[in-house]
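**Student:** Please find one structure pasted underneath; my questions will follow.
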């Protein structure tokens, strides 16, 4: 591997732009010259050994640069990042340049062996691993300090010199993907493999989960429709529906683990080794030595971080939760006012007014969720977490706790304090439908409309310029750099998590919840696809083997749903009639049933394997072969040492 870099030439006659780098206007020439030199320098000299050229327009290059790489450089980079590809014997193995001939569809002249998303991921990895050598500062910016081993790109970003780095769209491939994905209304599966090739595994896995969850909701919806038609006011019947709900919420999550393993094995990410995690860009502290790597990097006291979490963040979250409950009580005052108004007037208008408080409250919930999200991001960033994974875990915990209370507290209050099933049904329906409409508008329709207007203005401005450069490329880069940035799948999973809560916690009193969830998710697939292809910049591919902490979040929600549905069953007149003399016996019986169901749930989770048998065997075989290869290598080294 080390020898391969020496003969790698950075010159490439057919330059293919893959990634765009935008520097701030007015960036000093010495800074640009130093940064571009580090990008093209050989690996042995501490460079990235990539190709770079400015985007030339009528006004000059405007500090926008296009980055690419030679085919050989990308193949060596694929080995560096540990990409897993399919071999000729149909097994999945980590790609190595020395054994490249053993991989399916590989040929020296086949530049499509690596997908464009994989190429862009490799370039991103190489840019992020550009590290300072002996520089004490960024040339031209004495205040932007450097130290040996510091990521240059991260320092440029935090200093405001580097505006953004983003991968370019492939117009022809995107056009094909749009046509097969959402270009025509059809009943069928999404092209997940094509989505993965274009956007990477993280995005494809989200759409795979969205599709799976939509199909998993269909049995609940099918059962819910006749239940709604024939047993609308007969609350005794919801015992059967709640029982089915309990089994359903457990089985679908366990089956998803198996489907996820099948997908990620086929894509190669199930076998990828986790890379050593570098400090996140926003992390700061006193310069010290990392005891693991031995490199100089900022060090921050964990005690200070814990004090910030428990003395500032935790009280703030509790205050927000209290405010959410206060708003909830205002909502109940409005409900009482609407009910009194209806009793006095008994008109069609007064009947409609009964739904107004719930609609207003649903809008307020969405607004509060979004405002709190910004506050949670600021607080989590201020806590100064060293690793991105730690930052994400703390952010997700804050957001999930608030969103859960904000969205479901009123439903729990109505069900278990007011014991008003009619109001519970009305509130659940209104909250679910209103939140779905607002999310569709805010996340897809509004951004698409704004982006379409901006694209029209940009096309007029670009086409009016006369330039010798490729007009289509100039137009594409200028349009894409102004697009919004798709940060991650956080909000998309959060929306599904809350929807899962509405369906699993209380749907037995409103069986059409699953029906509306299915309808919403069908439109969500198309609107999210439109959003990814037309509204946002292309995100960098991120390999992943599962949906991460969201799997735990969904499983926690399913446990809560067991408790909730058992309590709803215990409150039903049918069960209550079995214990006419002693309510204590009723409570104890419900608690016993709840514990038994939880035991069944955990037994099912244990019995159903996370990975199918054939994948388990393939993974075991690869592990055995790796151990045998290691033994052989050790024996060879031992034999060589004896000969010496």
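Numbering starts at 1 and runs along the chain as it is shown here.
Any Cβ shown, glycine's included, is placed from N, Cα and C.
What TrEMBL records for this protein is below:
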type	residues	note
DOMAIN	195-621	domain 'Anoctamin transmembrane'
TRANSMEM	212-232	transmembrane segment
TRANSMEM	238-256	transmembrane segment
TRANSMEM	309-332	transmembrane segment
TRANSMEM	352-372	transmembrane segment
TRANSMEM	395-416	transmembrane segment
TRANSMEM	496-519	transmembrane segment
TRANSMEM	586-608	transmembrane segment
**Student:** Is the transmembrane segment (496-519) in contact with the transmembrane segment (352-372), using three or more Cβ pairs under 8 angstroms as the rule and ignoring pairs under 6 apart in sequence?
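**Tutor:** They are not in contact.
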**Student:** For the transmembrane segment (496-519), what are the same-chain contacts with Cβ under 8 Å, counting residues 6+ beyond its ends?
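**Tutor:** Residues 209-210, 213-214, 217-218, 220-221, 223-225, 227-228, 235, 238, 241-242, 245, 248-249, 400, 403-404, 407-408, 411, 415, 421, 424-425, 428-429, 431-433, 435-436, 550, 553-554, 557-558, 560-561, 564-565, 568 contact the transmembrane segment (496-519) from elsewhere in the chain.
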**Student:** Report yes or no: does the transmembrane segment (238-256) come within contact of the transmembrane segment (309-332), defined as 3 or more CB pairs under 8 Å with a sequence separation of 6 or more?
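**Tutor:** Judged by the Cβ rule, the two regions do not touch, with the required three close pairs absent.
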**Student:** Looking only at residues six or more beyond either end of the transmembrane segment (586-608), which have a C-beta under 8 A from one in the stretch?
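**Tutor:** Beyond its ends, the transmembrane segment (586-608) has Cβ neighbours at 246, 250-251, 254-255, 257-258, 555, 558-559, 562-563, 566-567, 569-570, 575-576, 578-579.
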